[in-house]
Ligand code: NI
C-alpha cells in the first residue's frame, strides 16, 4: 500500500529541523547502502550516529506516535531511527530494493523492513527532478511531496530517485517492521479501521460499532506478532 501522511511535521518543526540539518556535517551516502544499491546510489547523508540526525529523528518519531492514520496503516513494531539524505548537483539513486533487514548501529537491534518511509524536508519548487518513483504491480507511481509530508510504501517495491538538476532535496528516510507482516492484511485492517472511524463520526451510537470493532481486533489478534 502506498499512502501519503500529510503534515507529519508542523511548519515550526520543519524550520527547526532544517536549521539543524543544514548546520550538520554530511558524508557520502554509500555508508548505508548494500552492495547492489551502492552501484546506483549517488547522494550525501548524515552519519547514523550524528547528534543532528538523532535530534531531528526523535522529533519525527515523537510526531508520528501521535498520527492516528500512520499508526493504523503501519501498525509499527520496531522503527529504524530516521536517516537523512541530500540530493543536489545531479545526485540520483537508481532502481533498487531496500535491504530486507537493517541493523541499528551500535545496538543488537535488527529490523525486518516491511514499510519504507520518505519524509520530505524541501518544498517541491525548491528543486528540479528528485522524484521518488515506485514500481508496483499497478504500474509506476511518482512522489514529490510538500515539505513535512511523508510517503509510506512497501519495502518490497523497486524504487528510484530521479536526478536533482537544480536546487537541493533534503529528506528523511527510514523503515519499520510492522506487527502485521503481510501488506495485504495490513491493508484490510487499515480499510476497516478507517471505515469504523467514519461511522463513529457520523453516528457514534450506531449499534453495529461495537461488534464491528470486535471483528477488527479479533482479526488483528489472528495476524499480529509482537
Ligand atoms: Ni530505497
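Glycine is no exception: its Cβ is also placed from the backbone N, Cα and C atoms.
Feature annotation from TrEMBL assigns domain 'Fe2OG dioxygenase' to 78-178. Shown for the domain 'Fe2OG dioxygenase' (78-178): DSSP residue counts in helix, strand and coil, namely 3 helix, 62 strand, 36 coil.
For residue 98 (Fe cation binding site), the count of additional Cβ atoms within 10 Å of its Cβ stands at 21 [all protein chains shown]. For 96, 98, 159, the entry in TrEMBL reads Fe cation binding site.
The 2-oxoglutarate binding site annotation in TrEMBL covers 169. Around residue 169 (2-oxoglutarate binding site), the same-chain residues six or more apart in sequence whose CB sits under 8 Å from its CB are 86, 87, 88, 120, 122, 126, 127, 130, listed in sequence order.
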